[in-house]
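Feature annotation from Swiss-Prot assigns transmembrane segment to 33-53, 77-98, 113-133, 178-198, 226-246, 288-308, 320-340, 347-367; the stated evidence is similarity to another entry. Annotation comment: Swiss-Prot describes 83, 182 as heme b b562 binding site. Annotation comment: Swiss-Prot describes 97, 196 as heme b b566 binding site. Annotation comment: Swiss-Prot describes 201 as ubiquinone binding site.
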């Protein structure tokens with residue numbers, strides 16, 4: 001058996017990636033989220049495939065096909081809610097994974113980090129297009145508002161929006177192409193995840209201390225397969241609790257109303273995992289400025305390795321940076337809350353202050369704090 005595992009071309013690849021992989025002996029539970037993201041992706045592709053068997057991407061039947069899935073298809077309701085809430089779990093794991101990378105300095109693996117940022121964009125695009133497919137009120141108006149942002153691009157904006165719509169408004173052509181892209185993107189994400197792992201295994205994993213773990217490695221199996229299994233059980237417990245007890249907790253009630261282009265919902269808002277970026281978009285009165293801030297709120301992750309001025313990689317022994325990090329985490333939670341509130345005072349002011357704190361913390365305060373810590377630690 002060992003012979004096959006170590007010499008068969010396919011088994012050898014799996015062996016080097018998941019069984020005999022040399023892994024730092026001190027990585028904490030924060031390193032579990034990579035495997036949990038893989039699990040989420042498998043859940044999403046599987047449930048999505050079964051949903052696609054019954055869904056019809058047509059403006060006249062899309063909403064009723066979702067109703068049909070929930071009422072008439074065997075266990076259709078659980079497949080639908082696993083898919084919807086699985087997306088929320090995906091983003092929780094994604095934010096934790098990125099947060100761990102920021103805290104422990106994993107962004108110094110440049111290729112792995114940049115592929116990760118591309119993956120984040122791909123997952124966000126997939127989730128956005130998936131939100132349009134049920135063809136409820138929030139699906140339609142969310143699609144209209146978010147795609148309309150591209151009209152802020154000078155000279156070519158309006159043409160670009162109409163090209164994406166496939167007409168002069170969000171309609172049948174838009175729904176059909178969003179379904180096609182929503183179906184294909186998870187497979188592209190899978191390919192990108194493999195590239196992400198390929199680059200990671202070139203350098204080996206980081207660890208909480210941030211120093212080289214070459215002298216102290218252990219095999220991935222059985223130590224970390226067992227540890228990952230605990231994460232898997234906890235994730236599935238949380239997901240099934242959500243699906244079976246409160247499946248609509250994270251959804252929007254407006255999406256249970258079929259599309260009516262003549263009736264705008266009082267508060268148009270995306271799913272909870274986009275609210276922080278949506279709050280940044282809304283905090284700037286100028287349309288183009290808002291769109292640029294929205295894009296930069298995610299693209300700023302690419303700059304982080306170049307803004308890292310500390311001599312120590314991890315924040316584990318840097319208390320000042322830790323304070324800033326948790327301030328940034330609290331700020332993102334504030335932005336998420338503001339994104340779900342109506343556009344009126346005091347929410348407008350809070351959103352603007354939180355947006356300024358977000359950008360200034362990453363671009364100014366963190367690099368300066370790193371330099372100060374270098375001085376204090378006499379590097």
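Glycine is treated like the rest: Cβ placed from N, Cα and C.
Taking the C-alpha positions, the distance from residue 97 (heme b b566 binding site) to residue 182 (heme b b562 binding site) comes to 23 Å. Considering only the binding-site residues 97, 196, 201, the Cβ with the fewest other Cβ atoms within 10 Å is that of 201. A gap of 24 Å separates the Cα atoms of residue 83 (heme b b562 binding site) and residue 196 (heme b b566 binding site). Sequence-distant contacts of the transmembrane segment (77-98) (same chain, six or more residues past either end, CB-CB distance under 8 Å): 30, 33-34, 36-37, 40-41, 43-44, 47-48, 50-51, 66, 69-71, 116, 120, 123, 127, 130, 235, 238-239, 242-244, 247, 250-251, 271-273, 301. When each of the listed stretches 33-53, 113-133, 178-198 is scored by C-beta pairs under 8 angstroms to the transmembrane segment (288-308), 113-133 comes out highest. Note on the transmembrane segment (178-198): residues 17, 37-38, 41, 44-45, 48, 52, 55, 57, 112, 115-116, 118-119, 122-123, 125-126, 129-130, 132-133, 143 of its chain, located 6 or more positions outside it, place their CB under 8 angstroms from a CB of the stretch.
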